[in-house]
Amino acid sequence: MWGLVLLGYVLFVIEWFVIDFIRGSAASLLTEQTSAVPQYGGWFSSFFVADAGFIPGQATNWTITLLRAVGSILCGVMVVKFGYRHAVMIMMGLMCVCFPFLIIGSPLGGHNELTLLRPASSEVISKLTKISSSLQQGQLLGPVQVGSQTMLADGTPVSLIKGINGNEIGTSASMTGYAFFIIFRSTIAIGGTTLIAYAQPIIASLSSNRKKSILSNANFWGFNVGLVIVAAPFLIPGVGRFATANWVWVVTFMILLVFAMLLVFAWFEKKVDHMLPQKQSKTNQSLSVRPSALSILKRKTTWKLLAIAGVGTILLINPLTQTWFNSLLAISGAKKAIIPTARPILLILWVMGYLLGYFLLSPFNKTIYDKKRWLHFIFTANAVLVLLIVIFAATLGLNTVVGFTFVGIFTFIAGGFGWSLGSSILILPYEYKEYKRNEVSIIFGYVWGFAYVFYSIFDIITSVFLDAPRIATGNTSANILPGAIAAIVLFVSLLLVINWVIIYLPSSWIKNGDECVSEMTKKWRITQWQFVIANKAKNRYADLLK
């Protein structure tokens with residue numbers, strides 16, 4: 001059952017990043033001086049003739065991330081309202097509801113009024129003097145500008161809207177289409193994000209604490225495996241071109257896979273539904289204490305946990321963003337990295353670092369050591385590793401073989417520490433005595449939801465930092481180094497300041513169901529690494545029973 005939910009999450013991650021990777025480029029504005037026949041591909045060319053700027057581009061991500069946060073916060077409430085089975089099916093179904101964005105983003109042979117591409121008329125073709133001989137009547141083209149007149153390829157006059165960077169970016173109709181495109185794309189994010197939280201009630205139902213630890217650690221496989229599956233093929237240029245040119249069919253296939261996953265889950269889960277959280281009716285409310293989402297949110301421990309999860313999420317996601325990569329380029333003094341696929345390679349190294357963390361660091365979660373000292377160590381180690389990545393980028397550069405190699409190596413190591421930190425945070429709600437098993441879905445809904453809120457705030461701030469020099473000077477090619485330094489300082493500062501919150505965390509307990517067996521008082525020392533060889537014979541009770 002856990003595997004089915006995690007597989008659904010993997011499909012979400014694959015679908016989400018595929019859509020991002022097949023974005024394509026803007027359609028560009030054709031003029032009399034255009035000397036090459038444009039090749040359109042991806043959904044971005046349906047709505048834009050030029051990039052709207054870094055901040056507007058990031059604003060789309062902020063909106064979607066905040067919607068993911070809302071969905072995650074509500075997911076626990078949905079379990080109480082509809083029961084586990086129906087809650088998961090609703091969210092998988094929500095991922096399938098996104099299909100209208102395929103219609104909105106496709107030119108439909110030039111007949112989609114919400115896109116920029118139109119079948120070229122003979123009159124428009126004649127005005128594109130340098131490429132007219134290579135064009136055919138009815139061929140799909142983007143907007144054309146001749147003199148002061150702007151028109152679609154079929155000859156319809158249009159006015160272009162200017163973006164925050166001063167570029168003419170599209171028409172009012174294409175901007176409306178883009179808004180609808182994002183709305184329906186958001187349903188993928190809302191539905192898919194909640195699935196990782198819905199894996200937790202299954203883990204909570206297990207009697208073995210060792211299994212809880214292993215599956216909590218393994219939850220991150222969903223994201224990491226999904227990202228590698230997407231990023232690795234795109235290292236081959238031909239794959240990227242083919243997928244971008246056929247983006248509608250690629251995404252359609254992904255939606256059908258999610259729908260098939262929904263049917264499989266509905267069939268299989270029905271057989272074990274009695275083992276999982278049920279819809280709260282008046283009858284069963286009188287037989288058990290109904291978890292209160294508001295009362296859980298009012299607890300001080302919850303907010304401490306949310307703060308730590310928020311900074312942990314920032315640590316895990318930030319190295320995957322364009323903002324982070326642009327910051328490294330800025331401090332290295334390079335306009336581009338040594339190879340075109342530098343960013344996908346760093347993405348893969350970061351998520352593959354999970355292998356290092358899973359086998360070397362995450363086994364700590366199966367011990368009975370007090371967690372606070374371990375969290376101090378991991379957060380501080382991550383701050384140091386981030387600084388080392390920055391130092392190598394600044395001194396050796398991303399545009400040299402040696403510099404990129406060292407940045408890649410330490411990105412992999414930092415990924416190991418980062419992902420192991422994530423698994424350590426996820427095990428905490430199972431070990432705090434004030435949380436019960438029937439509250440797990442609500443707690444993890446809060447954890448993922450508020451973590452995305454915290455990350456969105458961080459992303460907004462760093463994006464503004466990075467683009468501030470360009471906005472202040474009005475020069476789109478201005479040096480973004482000051483903004484990059486500010487963004488990096490904020491990132492490292494959060495990793496260090498969160499240590500203050502860790503001091504006030506409650507103690508962890510060994511629990512048997514909701515029964516607290518023993519408080520974990522044993523203090524871990526940095527010289528003690530015997531937990532690395534943890535196995536079935538050396539479970540979390542081993543030291544306690546000696």
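Backbone N, Cα and C define each Cβ position, glycine as well.
Caution: TrEMBL annotation is automatic and unverified by curators.
Database features, via TrEMBL:
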- 6-25: transmembrane segment (TRANSMEM)
- 62-80: transmembrane segment (TRANSMEM)
- 87-108: transmembrane segment (TRANSMEM)
- 178-199: transmembrane segment (TRANSMEM)
- 220-240: transmembrane segment (TRANSMEM)
- 246-268: transmembrane segment (TRANSMEM)
- 305-325: transmembrane segment (TRANSMEM)
- 345-362: transmembrane segment (TRANSMEM)
- 374-398: transmembrane segment (TRANSMEM)
- 404-428: transmembrane segment (TRANSMEM)
- 440-461: transmembrane segment (TRANSMEM)
- 481-505: transmembrane segment (TRANSMEM)
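Long-range contacts of the transmembrane segment (178-199) within the same chain, counting only residues at least 6 positions beyond its ends with a Cβ under 8 Å from a Cβ of the stretch, are 2, 5-6, 8-9, 11-13, 15-16, 19, 43, 47-48, 60, 63-65, 67-68, 70-72, 75-76, 79, 84, 87-88, 91-95, 97-101, 104-105, 114, 170, 215, 219, 222-223, 441, 444-445, 447-448, 452. Two recorded stretches are said to be in contact when at least 3 C-beta pairs lie under 8 angstroms, sequence spacing 6 or more; the transmembrane segment (305-325) and the transmembrane segment (87-108) fall short of this definition.
The list of residues near the transmembrane segment (481-505) in space but at least 6 beyond its ends in sequence, with Cβ under 8 angstroms from a Cβ of it, reads 301, 304-305, 307-308, 311, 314-315, 318, 323, 326-328, 330-331, 371-372, 375-376, 379-380, 382-383, 386-387, 390, 428, 458, 461-462, 465-469. Listed stretches 87-108, 246-268, 345-362, 404-428, 440-461 were compared with the transmembrane segment (6-25); the greatest number of C-beta pairs under 8 angstroms is found for 246-268. Ranked by the number of CB pairs under 8 Å to the transmembrane segment (345-362), the listed stretches 246-268, 374-398, 404-428, 440-461 are led by 404-428. Only residues 6 or more beyond the boundaries of the transmembrane segment (404-428), in the same chain, are considered here, and those with a CB under 8 A from a CB of the stretch are 200, 212-213, 216-217, 219-220, 224, 305, 308-309, 312, 315-316, 319, 328, 337-339, 342, 345-346, 349-358, 360-362, 364-365, 371, 374-375, 378-379, 381-382, 385-386, 388-389, 392-393, 396-398, 444, 447, 505, 508. Packing against the transmembrane segment (246-268) from elsewhere in the chain are residues 1, 4-5, 7-8, 11-12, 14-15, 18-19, 22, 24, 41-43, 85, 88-89, 92-93, 95-96, 98-99, 102, 105-106: each is 6 or more residues past its ends and has a CB under 8 Å from a CB in it. Only residues 6 or more beyond the boundaries of the transmembrane segment (374-398), in the same chain, are considered here, and those with a CB under 8 A from a CB of the stretch are 308, 311, 315, 328-329, 331-334, 337-338, 342, 361, 364, 404, 406-407, 410-411, 413-414, 417-418, 420-421, 424-425, 488, 491-492, 495-496, 498-499, 502, 505, 524, 526.
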